[in-house]
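Peer 1: Features from TrEMBL:
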BINDING   A:Arg48, A:Arg54  NADP(+) binding site
BINDING   A:Arg125, A:Ser126, A:Ser127, A:Gly284, A:Lys299, A:Pro300, A:Thr301, A:Pro302, A:Ser303, A:Arg325  FMN binding site
Number of protein chains: 4
Amino acid sequence: MAGSSYGTMFRVTTWGESHGKGIGVVVDGCPAGLPLTEDDIQPFLDRRKPGQSRYTTSRREEDAVEILSGTFEGLTTGTPISMIVYNKNQRSKDYSEIAEYYRPGHADMTYDLKYGFRDYRGGGRSSGRETIGRTAAGAVAVKILDSLGIRLLTYTKSIGPVSVSPDNFDPAVINENPFYMPDAQAARQAAAYVEACMKNKDSAGGVIECVIKNMKSGIGEPAFEKLSANLGKAILSIGAVKGFEIGDGFASAQATGQSNNDQYMRAENGSILKMSNHSGGILGGISDGSDIVFRAAVKPTPSVSVQQNTVTRDGRGISVSIKGRHDPVIVPRAVVVVESMAAITLTDMLLMGVCSRMDNLIRFYKS
Amino acid sequence: MAGSSYGTMFRVTTWGESHGKGIGVVVDGCPAGLPLTEDDIQPFLDRRKPGQSRYTTSRREEDAVEILSGTFEGLTTGTPISMIVYNKNQRSKDYSEIAEYYRPGHADMTYDLKYGFRDYRGGGRSSGRETIGRTAAGAVAVKILDSLGIRLLTYTKSIGPVSVSPDNFDPAVINENPFYMPDAQAARQAAAYVEACMKNKDSAGGVIECVIKNMKSGIGEPAFEKLSANLGKAILSIGAVKGFEIGDGFASAQATGQSNNDQYMRAENGSILKMSNHSGGILGGISDGSDIVFRAAVKPTPSVSVQQNTVTRDGRGISVSIKGRHDPVIVPRAVVVVESMAAITLTDMLLMGVCSRMDNLIRFYKS
Amino acid sequence: MAGSSYGTMFRVTTWGESHGKGIGVVVDGCPAGLPLTEDDIQPFLDRRKPGQSRYTTSRREEDAVEILSGTFEGLTTGTPISMIVYNKNQRSKDYSEIAEYYRPGHADMTYDLKYGFRDYRGGGRSSGRETIGRTAAGAVAVKILDSLGIRLLTYTKSIGPVSVSPDNFDPAVINENPFYMPDAQAARQAAAYVEACMKNKDSAGGVIECVIKNMKSGIGEPAFEKLSANLGKAILSIGAVKGFEIGDGFASAQATGQSNNDQYMRAENGSILKMSNHSGGILGGISDGSDIVFRAAVKPTPSVSVQQNTVTRDGRGISVSIKGRHDPVIVPRAVVVVESMAAITLTDMLLMGVCSRMDNLIRFYKS
Amino acid sequence: MAGSSYGTMFRVTTWGESHGKGIGVVVDGCPAGLPLTEDDIQPFLDRRKPGQSRYTTSRREEDAVEILSGTFEGLTTGTPISMIVYNKNQRSKDYSEIAEYYRPGHADMTYDLKYGFRDYRGGGRSSGRETIGRTAAGAVAVKILDSLGIRLLTYTKSIGPVSVSPDNFDPAVINENPFYMPDAQAARQAAAYVEACMKNKDSAGGVIECVIKNMKSGIGEPAFEKLSANLGKAILSIGAVKGFEIGDGFASAQATGQSNNDQYMRAENGSILKMSNHSGGILGGISDGSDIVFRAAVKPTPSVSVQQNTVTRDGRGISVSIKGRHDPVIVPRAVVVVESMAAITLTDMLLMGVCSRMDNLIRFYKS
């Protein structure tokens, strides 16, 4: 079934495998008139590019993006924006061995059982490189949101047991440490933790948090197309994500109504103010005007070089040690992917929510 | 925008408000030939029916379902199954007061800001009664899955701070306590906890867990239509759900690759066995043949009778105490809703995954 | 597969069979604030109601519609509008005979081969009564369009060989003859033609034309979601429609570029004027500001009482004469169905086209 | 809005403009295990390639296709197939003039009014070159259908007033004349007719017919997803198509039930035989086992070099003569596009119709 498209009004279609010719995306439904060149996209890809610190895979890829369609004289035309990144540094021979067995924690077995065979080179379609397309599309979405004044702040909240401290929270340092943590001290502790994992031939996971500022209220739909539900799907569709929570999330299950409710007051300017934000900016699936806050749990990289038991395609039990170039922790590179999927979702729901009232529709039609 | 449908091949469309004439659902895409009568649906609605214990609202509703279309001589015909439950025990006067202000933790304000006004009676469309349609549709999905040997076991994992103990886990007691907990002792503790909340004019939340047994491997799609992503969306679209995790979920963010990977071995019968199930039955978005295990965090009921600050529609600050008939804890009644949304999602993805291989398509076409 | 929904932003889901409990529709995505009661819907249903002239089936149905959800104090709330019409005058015994054989020209055989069996009573889901749901939804769409100043004029263009003459064209007489023809003389000739068919135990077909006035330009999308393509799908999804053409349609295939092009001129008020309308109001799939004009070819009613050869379900050849209450010509009753499907499609595409430009999106968001 | 994708289970997303870097398509949902290389695709592109006869534009494009993803060792993997054709022979200067005015019969004005500006080079996204993506995708679909034994025969039925004669019908000559007509004599008359048009600085249109053989019955869905409705949308989404009819189409509007019905008989092998095929292979929206037969009306090329009135972007009336390299008749090159869109639609609906019965689903799941 066709599972590589996401979104209704703003629709993103990704394609490509880890060791194929390239990776790409088609962004359809971008409104016309947005200034857009490769210079808007490349910084996003650079945030997820491998080889940027000793905590990421040593595979070297420039991941240089090219826009193939959808813009004219520097502006989007309203037609599909096709973008491509060619794969340069494939070393397929690294993977010839893994053709024959299933790596624990990877999708090798499930692809084989679903499709009867698989492109085993670097994980094929299940590789993290698929997120290049999402990230390029996310850059477009972020630029649209930026035109509306909406800002996304995304960072690593924790690596393994090391968490950012609210007391040290400083957005300015996010881009100054290899973990994209808003807390320099936590970043140093995270480095020590990951070093220890690497020494043990092991890997680490973590939690990513995203805060969306300046959101208008009224975005999101009742019932199945709740903004929270779509953010959840978007984030849970990223390979290594195993959990999603919004606002107080799992903690709210232990709270009481009294402590979990956000009471309202009248602001000086006459607008309505929430006195807290346990809801994470969404009530009944619809944005409530507060910051939207959500978190994603990212599992540790399954590629570890310690010995593991597994089976071959023909069913023999063996013991393996995963070789090749792998990230000891994928969380930092996933930060921009989480931001991208959130931006794509918001853009899509903004476009869908424009005409929830007759007066909006009439104003549009008469303009 | 149209947000009241869910699913592609097996599509569920719900309608209705808390105090309107009724609540209903259209289930489209159900294969022909499934035996189906009201007797298959009613037990599911009874599991979420109000008034079953002192821990649920005292609103009395029979919630008797009627099938209006889509079956003939006791079998589904392949055409849309329309089901309706009439609202009987509306007491709209209870709600006349809340027309003028926004209840904290509810969707009153967001609906008003989105649509310009709202059906304030009992929360209108944002009421938990919307889940009647989901539950009736879920009963159909469960029956389809049952024909395939797939079983869903859903229960309350925790109420506030009270958790089910793995040592006491006993599915047989789930239906024998008002909390649908598989641990009689925990259920008694939960009762005490909720009683205390009620005494404090407060409310409780909790966590629901769902285990899906006998799942074939190979169901789910790469990229955006991962089985995990769609389960996440389905569950997060339920009103009070603030978090979703699959397998080890947020705990996996603190694990290492070594401890989080599920190693493989050869079973006696030659099949592949996972030696653990940290993945929760899904790898790369595709079912891996193990039990699917996920959890949903449910926030405490926002309707509490303690005094809270809020604002009126015209922007005055006031203090209110929510009256009316409310559940001190919504978790037990949400158990069947979680199960329903999971079953709907699985059925949809099963139908979408039938022809992932040419040989399946050829076999179908030549049959 | 789920085939009973139509539309993306404005989505219509129909359900029900000819001899089931009722027929209904859920209209999802209607903007909030539209005044709507049963009085807006019923006149549309009355236009397709049986038993209005001697040229329609004698089955007596009031087809009284009830709105079950989605309005509050006379206004749409933005949530799903569920509408129902109960079947009253089923005479299933009329159909017991046809359970065993396949009526030529009907969907009896295809349903049986697809689903393994069928609800044979009155054609079940394939009955023309399915269009009740479309028509009720169409009434909502027409009311939305009316708020924008858009008007649909739909009528019978021809019955069998009898065509409306351009010289006699008079919209005022459309509702004054049983054929909904804008030409009183043609209507009389049509009556004579249909009488002759009836005498021969035979039936008639015809062509329906729809003109949409006051359409803004810029509605419709490039590539696959052309306004013309979606109108085509909408109209061709009506049971008996076998052809669709827009503007000059099939005649344009015989024209030359010179005669078929619509040249432009500057209007007195400075706007652009097309000097003709061969395009039928759509260029490149996008409305061009002229009237949209399209036609649908409706086949003759397949239920004829003359002897026909057919086969039984178990494969024996027999000769049959269709009994029961049938329309000798379905065209007049299909006029309002064509109008409804056109209005639904236009509304959906209007809502989708609102934000084709960044400036529109910014204006919405900042408002 | 996102309008460049088509299909649900087998989804095609096209991108690219006439004078951009290239044209491409992503085919998502192709079952795994189909042998596929560029050699399967190129012959389809060659059928629509310009410059093949004096009746097509003299723009020279090799239109060489490259597969970028979705295959491994010569087989489809079940993941998205990305294909690209680079534009080589853009001569944008030809078009600098038309930046300032609206060509009659083209989408220049509607794009401008919708998006505020347009990529005017060669028509940008509205160019016929967009169909390259459809055709490459169509080649994949045709190969899938071929695996099932389904064959499509598509040809020009008429050019202007010149029609193929049933008496001369010979599929063998279709590829032997520049008009793809199955009648050598008609092809010669068509050539004379088009020559005359060219001499008059004019252009021609025509009708394309498609016959689909060996179709299983039971494909297509009731209500809105009728096979006929989806074929109609697919074909009407091709730029120059102004009409669509299935089976007897518009002629059936003049027929009577008796003459239009297809009676049934028992075949020697016990199967059911339709004694005629007025229905065009579809009854109630579902394939009936006969050949599917439909026709598309293609308008004459709007680019004619005779003088025409038009207006400039800033509203002045002018007279123009369209220069550049244009097809005097687009029909022959559209034949393969019609076939492609039909094949895509059929493949999509086949995949959607696999599990219309519980027994099919059970068989799949238990296999």
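Indices start at 1 and increase along the chain as displayed.
The backbone N, Cα and C atoms fix where each Cβ goes, and this holds for glycine too.
Predicted, not measured: the structure shown is a model, and the values here were computed from it.
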Peer 1: Could you give the Cα-Cα distance between A:Ser303 (FMN binding site) and A:Arg48 (NADP(+) binding site), in whole Å?
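Peer 2: Just about 18 Å between their Cα atoms.
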Peer 1: Compute the C-alpha separation of A:Arg54 (NADP(+) binding site) from A:Ser127 (FMN binding site), stating it in Å without decimals.
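Peer 2: Between the alpha carbons of A:Arg54 (NADP(+) binding site) and A:Ser127 (FMN binding site) there are 20 Å.
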Peer 1: Which binding-site residues (A:Arg54, A:Arg125, A:Ser127, A:Lys299, A:Thr301) come close to chain D, taking a Cβ gap under 8 Å as close?
Peer 2: A:Arg125
Peer 1: Name the residue among the binding-site residues A:Arg48, A:Arg54, A:Arg125, A:Lys299 whose Cβ has the smallest number of other Cβ atoms within 10 Å.
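Peer 2: A:Arg54, out of the binding-site residues A:Arg48, A:Arg54, A:Arg125, A:Lys299, has the fewest neighbouring Cβ atoms within 10 Å.
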Peer 1: Determine, to the nearest whole angstrom, how far the Cα atom of A:Lys299 (FMN binding site) is from the Cα atom of A:Arg48 (NADP(+) binding site).
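Peer 2: If we compare the Cα positions of A:Lys299 (FMN binding site) and A:Arg48 (NADP(+) binding site), the gap is 17 Å.
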Peer 1: Between A:Ser127 (FMN binding site) and A:Arg48 (NADP(+) binding site), what C-alpha distance do you get in Å?
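Peer 2: It is 13 Å, counting Cα to Cα.
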Peer 1: Check each of the binding-site residues A:Arg48, A:Arg54, A:Ser127, A:Ser303 and report back the ones whose Cβ is under 8 Å from some Cβ of chain B.
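Peer 2: It is A:Ser303, listed by sequence.
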Peer 1: Pick out which of the binding-site residues A:Ser127, A:Thr301, A:Ser303 has the most other Cβ atoms within 10 Å of its own Cβ.
Peer 2: A:Thr301
Peer 1: Measuring Cα to Cα, tell me the gap between A:Thr301 (FMN binding site) and A:Arg48 (NADP(+) binding site) in whole angstrom.
Peer 2: 15
Peer 1: Using C-alpha atoms only, work out the spacing between A:Arg48 (NADP(+) binding site) and A:Arg125 (FMN binding site) and round it to an integer in Å.
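Peer 2: Between the alpha carbons of A:Arg48 (NADP(+) binding site) and A:Arg125 (FMN binding site) there are 17 Å.
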